[in-house]
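Pulled from TrEMBL, these are the features on record:
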- 50-71: transmembrane segment (TRANSMEM)
- 77-97: transmembrane segment (TRANSMEM)
- 109-131: transmembrane segment (TRANSMEM)
- 137-158: transmembrane segment (TRANSMEM)
Amino acid sequence: MDKMNQALEKMKMLVGMEVEDEERAAEEESSLSFMEDLNRNCALTTKQRFYGFAICLSAGLACTLLSMLVFFNPIKFGFTFTLGNLMALGSTAFLIGPQRQVTMMLDPARIYATALYLASIIIALFCALYVRNKLLTLLAIILEFSGLIWYSLSYIPFARTMVSKVFMTCFDTEF
């Protein structure tokens with residue numbers, strides 16, 4: 001471990017950074033929050049980020065598309081569809097980083113959409129893996145798909161307002 005620290009200090013001197021004493025470095029390390037620590041450990045090059053995004057998104061889309069093959073078995077469909085959604089959602093963390101991903105998901109403008117989407121994922125997995133009821137799993141998948149659409153619309157300016165107005169107009173009962 002000492003050799004690694006010495007090598008790191010030499011690299012810092014080569015690039016012109018100040019070499020910190022061990023006490024100050026230890027204090028800074030302990031004061032980092034979990035997300036800052038995660039971002040610091042997830043430092044990827046741009047090329048690595050694009051590869052991670054492409055692989056994770058491709059795997060997510062493949063799971064989602066393959067789930068159509070088992071559509072008439074709602075339990076398998078629910079599991080593969082949900083796994084595909086989770087992988088596709090995780091792929092964006094490669095592009096913008098996990099801290100920014102969580103920050104954007106918890107933004108006041110989309111906190112309810114995020115909560116609905118994540119809750120629907122949990123409900124779908126619970127119905128598919130634990131309850132093993134085909135009707136409940138199918139209803140949970142419909143809820144999950146609706147949550148995915150609502151969550152995705154939260155990233156498009158005025159999209160949720162527009163969709164809400166369209167539905168209000170279509171289902172208005174007053175003549």
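Each Cβ is built from the backbone N, Cα and C atoms, and glycine gets one as well.
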Counting only residues 6 or more past its boundaries, what in the same chain has a CB within less than 8 Å of a CB in the transmembrane segment (137-158)?
74-75, 77-78, 81-82, 85, 109-110, 113-114, 116-117, 119-121, 123-124, 126-128, 131
Excluding the flanking five residues on each side, which residues at least 6 beyond the ends of the transmembrane segment (77-97) place their CB within less than 8 Å of a CB in that stretch?
39, 42, 44, 49-50, 52-54, 56-57, 59-68, 70-71, 104, 121, 124-125, 127-129, 137-138, 140-141, 144, 148
